[in-house]
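Working notes, structure below.
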Protein chains: 2
Amino acid sequence: MSQQMKRSLISECTPHETVVLKGWVKKIRHLGNISFLLLRDRTGVMQCVLEKEWAGYKVEVESVVQVIGKVIATDKTELGVEVLVEDVQLLNSAEQVPFEVNKKKLQVGLDQMLNSRTLSLRHERVQAIFTIKSMLAHAFSEYLLQNDFTRIFTPKIVSQGAEGGANVFQLHYFEKEAYLAQSPQFYKQMMVAGGLERVFEVAPVYRAEHHNSSRHLNEYISLDVELAFIEDFYEVMQLETDVIRYMFEKVQQYCVKELQLLQIDIPVITKIPKLTVTEAQDILQKEYRKESPIGDLDSEGEKLLGKYVKETYNSDFVFITHYPKETRPMYTMPNQENPSVTDSFDLLYKGLEITSGAQRIHNYTMLVRSFEEKGLNVENFQSYIDTFRYGCPPHGGFAIGLERLVYKFLNLSNVREASAFPRDCTRLVP
Amino acid sequence: MSQQMKRSLISECTPHETVVLKGWVKKIRHLGNISFLLLRDRTGVMQCVLEKEWAGYKVEVESVVQVIGKVIATDKTELGVEVLVEDVQLLNSAEQVPFEVNKKKLQVGLDQMLNSRTLSLRHERVQAIFTIKSMLAHAFSEYLLQNDFTRIFTPKIVSQGAEGGANVFQLHYFEKEAYLAQSPQFYKQMMVAGGLERVFEVAPVYRAEHHNSSRHLNEYISLDVELAFIEDFYEVMQLETDVIRYMFEKVQQYCVKELQLLQIDIPVITKIPKLTVTEAQDILQKEYRKESPIGDLDSEGEKLLGKYVKETYNSDFVFITHYPKETRPMYTMPNQENPSVTDSFDLLYKGLEITSGAQRIHNYTMLVRSFEEKGLNVENFQSYIDTFRYGCPPHGGFAIGLERLVYKFLNLSNVREASAFPRDCTRLVP
């Protein structure tokens, strides 16, 4: 019978039909002559009623089963239906699980959650994180493709780091030394200058930083954007605002169940306030007597500023602009009126930096000088630098750290929860 | 004036309007009192007519300029319009280019094409490759999302290779030894078993192979799919057929200009023929007196079979199925009737393998035995193996090599042309 019948999804069951359901045993309860098996598939949970010869059916929780039965209407379940079981078949048995995965809240520590990913993912709230992450990444790509951007793929094995050498993972590449890319920065600029004009990439980047905080990952997904023929870096910030708005709207539209589960209200993003880094530092000083590092904000400063911006502008986001030259990479465009600062920005979200962006230098001579000022040997970056000898248009871009975005979006307690298999200083497994 | 006016794209110019165009100088010709500047942006090429004070305007080819002028109808250009120039502004000058980028066909060797990517990308036929690659990747994702798959992101820094150790790049990960992932195989299975049921990933994979052929890359983009609750591996092949059909249709629909440029006709994919590896070997023997390695095809055999399938079935594609156990990874499901072969397949496209796929083993005991039979130490794969102790559904999947697909789809002469910045045994720059 089951061979001829197609599997039905739990969310699609309607009364009176006979269905084949497949999924995991969430729970089983025995009450004398009747048993209740809660079956979970990717779309929901179905109460399956076992009577007569099926009453008392023995099965370990989290086993995989196939249930054949008749859907009947009921007011006793959330779905408004339950299934009267005609046949149960064990597809794959489970051993006793090491922790309870079917409580309302998953009560395990972070380490166990990550060590037992297959099991922690079974929890619908944990699964919801990755459904939403998938949608955010897709919406990012979709918006940009609709706006004439080309999706690019650039190498992660590189001969030079994009930031000038620090914090890179080294590897043996045949007879050569190579590194894992910290960012696709050089490559996206080269493809913009190659005539594609507008490009984006969704790919991992690598930072060999020894940080072991709740907001750092050593491998993460960078949502990278670069576009040519901009008038100024305000255009880049406007694009990022529009992209994020679109991403949030898509999640709002397609992840209703997941947002409910995680109790997330998505704010409407209209305009994101902007503060220069000097203004931001002054606010921190005046409001919280908080001193900042020269030309920058530290993580405590970011947090306080997030609070301030929420209270003052009712915004989860704030752009911090015009960072001094010393704190930004060598390819960052200096400000025309005040060349000691740059046309650069960070985007803070709920008090955490999730983006760096800027207009980039497109003039060959200016770029070479900027490399030299940073003490970098231009010869090591020849193929990148040569790009600027053959007609590079004015351009800029930004990158969003996807896991940080998800972490803050869903109010998680650690960025690692936004990565299925996070990599940090000590974690390499699973 | 230009500050107030928005840039127009060349493809959008209509007669009578005054426009600001920005792009690259494709060509400039001087004919006495008149000059013609061909301006190229991402959407096309515009003939700009320079008269009076602008006649004889000097500019190096591939420089970036802004042109302001009036669009007028003409029957002398393909677009049906040209621009009567009122103002030209040099945005960034180019040096003399080392090779001609504006010929109908780009006449440079592969090495120079790759070394000077910024310049070779300026050629519209080269650029078209990457526009189509972008669309193929997007269509792949879109189809799967529409069919209830979740996009996943799995680590590329791993503690073990997915194929059991050979051909991996090694790196220093803090105090540990680590590797670059050869495939997301283990991780996609873990997320399927975690309850997501249907997942896909678009991400780089790494093979430390010493091959230096026209069809190998050491870093490439893998379009990975894995899905649960399949009846058999024919379902996996059907899904791949449907995905590829959708990808081709999307390119057909959105990349009209690019397909014309590259003179590509897309065949309608209906059904893809299937041959067992034994049948394929017999055909090679009978038709071409070609001997094959035990239980497998070599690259010459693949080519001949591509020819045979085209002639016999008028198909660019063929599935080769039922590879013997010895030639497939340890997680491959043995065939129920003949356990010496597996429920596995390759997909050949125009005589080149672009996919491996299979049903996977979902039973814990069977999997452990399979690892042991291959001489692998189960302890080294503990977190993967543990997945199968807690209710893993029947599942299977496949992976498409994106650059190989593009290479064959566009009849390129080398897979490297399908990668903006390819990595091979000797190439690490740019």
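In case you wondered, yes, glycine gets a Cβ from its N, Cα and C as well.
Curation plays no part in TrEMBL annotations; they are all automatic predictions.
Pulled from TrEMBL:
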- A:GLU163, A:ARG207, A:SER356, A:ARG360: L-aspartate binding site (BINDING)
- A:ARG207, A:ALA208, A:GLU209, A:ARG215, A:HIS216, A:LEU217, A:GLU353, A:GLY401, A:LEU402, A:GLU403, A:ARG404: ATP binding site (BINDING)
- A:130-430: domain 'Aminoacyl-transfer RNA synthetases class-II family profile' (DOMAIN)
- A:185-188: region 'Aspartate' (REGION)
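Projection of TrEMBL feature records onto the structure.
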residue  : record                   : Cβ neighbours (10 Å)
A:ARG207 : L-aspartate binding site : 20
A:GLU209 : ATP binding site         : 15
A:HIS216 : ATP binding site         : 19
A:GLU353 : ATP binding site         : 16
A:SER356 : L-aspartate binding site : 20
A:ARG360 : L-aspartate binding site : 26
A:LEU402 : ATP binding site         : 22
A:ARG404 : ATP binding site         : 22
Secondary-structure category, per DSSP, in which A:ARG404 (ATP binding site) falls: helix
Any idea what the Cα distance is from A:GLU209 (ATP binding site) over to A:ARG360 (L-aspartate binding site), rounded to a whole Å? 25
Please state whether DSSP places A:SER356 (L-aspartate binding site) in a helix, a strand or coil. strand
Reported as an integer number of Å, what is the Cα distance between A:ARG360 (L-aspartate binding site) and A:GLU353 (ATP binding site)? 20
So the record assigns A:ARG207, A:ALA208, A:GLU209, A:ARG215, A:HIS216, A:LEU217, A:GLU353, A:GLY401, A:LEU402, A:GLU403, A:ARG404 to ATP. If I measure every Cα pair among those residues, what is the longest distance in angstrom, as a whole number? 18
How long is the line from the C-alpha of A:ARG207 (L-aspartate binding site) to the C-alpha of A:GLU353 (ATP binding site), rounded to the nearest angstrom? 16
Quick check: in three-state DSSP terms, what is A:HIS216 (ATP binding site)? coil
